[in-house]
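The following feature annotations were taken from TrEMBL:
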type     : residues : note
TRANSMEM : 341-359  : transmembrane segment
TRANSMEM : 371-387  : transmembrane segment
TRANSMEM : 393-410  : transmembrane segment
TRANSMEM : 422-441  : transmembrane segment
TRANSMEM : 461-482  : transmembrane segment
TRANSMEM : 503-521  : transmembrane segment
TRANSMEM : 553-569  : transmembrane segment
TRANSMEM : 576-595  : transmembrane segment
TRANSMEM : 607-628  : transmembrane segment
Amino acid sequence: MLKSKWLWGILLLVLLLSSPGIINRWQAESANDRYEVMIPFNEILTVSKESDYTIDELLSILKQSGLISVSLEPSSLEDLADENIVSLYEERELADALLFTDYEGAVDTEKTGFYISVPEERIYQEFITSNLTVENVTIAGKPFYFLASSDDLFELDTPFGYNGATINQLKELGLNVVLRTVNDDSEIVNEMLVEQLVSLKNEVSPVLLGAGTEMIGFGDENENMKDLKKKLQEAGYFFYTIEGSPLKGEYEFAKSNQYNVVRLISINVNKETDLTVSESIDRSTRAVKERNIKSIFYHLRTTGNAQENIDEAVSYLTGVQEKMPEHFTLGTPKFFNSISVPAWVTALVLLAGILFTYLMTETIKNQKVRLAAAGFMALIAIAYFVLDKVLFLQAFALIIAVLTPIYAVVKSAHGSTRIRDILVQYVKAIAISLIGIFIVIGLLNGNGFVTGFEVFRGVKLVYVIPIAGIVLFALFQIYDITKNGFKGSLNTSVKLLNKEVKYWHLLVLAIVAAIGMFYIGRTGNAGTVSEFELMFRQWLENVLYVRPRTKEFLIGFPFFVLALYVMGINKKWGTILLIPGVIGFLSIMNTFTHLHIPVSVSLLRTLYSTVLGFLIGLVFIFIFNLLVKWMMKVKMRWS
């Protein structure tokens, strides 16, 4: 017992000494307090054409409402035609237009290609002639550029450059210009676009936003293409990363740039046509508060009544500012400060994990097994330092994450009908969980993790293994499997396996399997949620800043409190109730393994869950006692 206390003391001291790593993360997350709203220029242009506003007037309205940045894609000839800057004709089309005029036959139809009307403004003339190989021709007394179809590098929809006039227009209105990149099939097109990006570096935002599914230059082994990303890096460009839609190749670019990226969420009312303004605002503010999102890419609705679409956008922009917490500021987003995690800090956290593993295996009552478990963790730690692979840190963290909830429940499974004693065991279980959480987030720390490029691996296992572990613990306790040593354990296990399987056993198994599938299906971001639960969640968020998880404060923790109480009356049934009780502890571990969520948010969410969970657990005890009294009366009546 004395030895165990010393080990716990050493463990806490090691964790305290390793705390600078987590403190650095907390400070970096707190300092990153600016967010922006960005809208694509092409959508603003589309709505402007259908409204009574000029493009400048509409941009001014949106800016006054809270618009910070406008994204701009590289233009194609089709784009210029859509903006009424040029008119486009194929040779046959232009020849047909001149039939029965004095200029009939002026177009050589054997010479295939596109005739482009010369823009009035010089900036557009230079934009076309400097980026496309065109021939100046005059047809019917009017000047045209001729783009031969033999130039198979360019089609009408091929992007060939960034519109300088639009960039100047946006800058004059005080808007940030965010250029979008595309990965074209043509190496020459990509090279040309990168050269333009380099030349525009001082005129636009240093953060680029990818379009499509691939980073520019991705998938081509040509050395020139590999140089494209290097040129962008040397020019000082970085990238946005779109939550839920990462670009192929962006991980390598982000890693080579020390993970200096801006996390972005897309709110697309053109795809989610039923999305209301209120829902868009809630989704946006939640992303900024809870997931380190610093850019909101809002899509203007481009179908329906233009004025209504403008009003909707204005309501959204102003609504986001009104609902956003005061410590966030509307403006140009920043990168995270560098989160320094020295090697000695990582070494201390790994040492803490090894000690914690040894302590957690105390229930096995076999010193060799305990030492082997600690030794295995030590080997993983050594492998990390020798091979410098983050995979070993992720494996180490996963083991701690799945064992901690089991140990927290088992170590605290001392039943009592006294609320004070239950509270002591409850606090003990929470404290053990926090130690495991500290180790996990202490290991998986740094800019790569908070930006979402490096992640905790094994989320589903954290949901499954602790429950399986407590099921085994319950079986061992109920049937006292370990009372006669190893041989006795085997004999008891064999007897259990040889028992007759009755129909009701199969029914219970089917029910448990269905519940299990529903439970696993609800984990992660893709879980299905009822309309009522969504409303309840939003209400909690509005009241509490962040909502506690329902599986923690309504299921896991209350059942754990009830289990401790029932164990004080009937150990068998109380032990069974520990199975749903472990859900609360595995869930708070899961909360912190979402490493892109600020530590402060996870702590606040866990505080709410533990306090509310205990109080609701007391309600469960009250209801349990009422049911027991009712059942006693029924039993007496029928006896």
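Residue positions begin at 1 at the first shown residue.
Yeah, the Cβs are placed from backbone N, Cα and C, and that goes for glycine too.
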As a test: from 371-387, 461-482, 553-569, 576-595, 607-628, pick the stretch that has the greatest number of Cβ pairs under 8 Å with the transmembrane segment (422-441).
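Checked against 371-387, 461-482, 553-569, 576-595, 607-628; highest Cβ contact count belongs to 576-595.
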Is the transmembrane segment (553-569) in contact with the transmembrane segment (607-628), using three or more Cβ pairs under 8 angstroms as the rule and ignoring pairs under 6 apart in sequence?
yes
Near the transmembrane segment (576-595), which same-chain residues lie under 8 Å Cβ to Cβ, leaving out any that are not at least 6 residues past its ends?
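For the transmembrane segment (576-595), the far contacts come to 397, 401, 404-406, 408-409, 413, 429, 433, 436-437, 440-441, 444, 449-450, 452, 454-456, 459, 462-463, 466-467, 469-471, 473-474, 478, 523, 549, 551-553, 555-557, 559-563, 566-567, 602, 605-606, 609-610, 613.
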Given the cut-off of 8 Å on Cβ pairs that are 6 or more apart in sequence, determine whether the transmembrane segment (461-482) and the transmembrane segment (393-410) share at least 3 such pairs.
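Yes; at least 3 Cβ pairs under 8 Å.
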Apart from its near flanks, which chain residues at least 6 from the ends of the transmembrane segment (553-569) lie with a Cβ under 8 angstroms of it?
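For the transmembrane segment (553-569), the far contacts come to 409, 412-418, 422, 425-426, 429, 575-578, 580-587, 608-610, 612-614, 616-621, 624.
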What residues in the same chain, six or more past the boundaries of the transmembrane segment (371-387), come closer than 8 Å to it by Cβ-Cβ distance?
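Distant Cβ neighbours of the transmembrane segment (371-387) are 343, 346-347, 350-351, 353-355, 357-358, 361, 393, 395-396, 399.
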Who are the long-range neighbours of the transmembrane segment (393-410) in its own chain, taking Cβ under 8 Å and residues 6 or more past its ends?
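Answer is 346, 350, 353, 356-357, 360, 363, 377, 380-381, 384, 429-430, 432-433, 435-437, 439-440, 443-444, 456-458, 461-462, 465-466, 469-470, 473, 560, 578, 581-582, 585-586, 589, 593.
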